[in-house]
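Structure record follows, encoded as structure tokens.
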């Protein structure tokens, strides 16, 4: 029972975390911020962010 509840909570958190990223991706911004997709054909990450190889997401990098 506890596992099911945790799975549902984690799934909802993931949906809410990724939905703004999808929305922003469709707006053709000049650079990608946290959790934006990066790589070939995508805009580069903004300042203070780096494209994480393998995940192809912009991750904060000081």
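Each Cβ is built from the backbone N, Cα and C atoms, and glycine gets one as well.
Some features that Swiss-Prot has for this protein:
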- 31-46: disulfide bond (DISULFID)
- 38-51: disulfide bond (DISULFID)
- 45-58: disulfide bond (DISULFID)
- 1-21: signal peptide (SIGNAL)
Revision key, fill the gap. For residue 31 (disulfide bond), the spatially nearest of the disulfide-bonded residues 38, 45, 51, 58, using Cα atoms, is 45
Point to revise | Whole-number Å value for how far residue 51 (disulfide bond) lies from residue 58 (disulfide bond) (Cα to Cα) | key: 5
Review point. Around residue 38 (disulfide bond), how many other CB atoms lie within 10 A of its CB?
Key: 21
Study note, to complete from the structure: Per DSSP (helix/strand/coil reduction), residue 46 (disulfide bond) sits in coil
Practice item. Using Cβ-Cβ distances, find the residues under 8 Å from residue 51 (disulfide bond) that belong to the same chain and are at least 6 apart in sequence, listing them in sequence order. Key: 32, 38, 39, 44, 45, 57, 58, 59
Practice item. Among all chains shown, work out which of the disulfide-bonded residues 31, 45, 46, 58 has the most CB atoms within 10 A of its CB. Key: 58
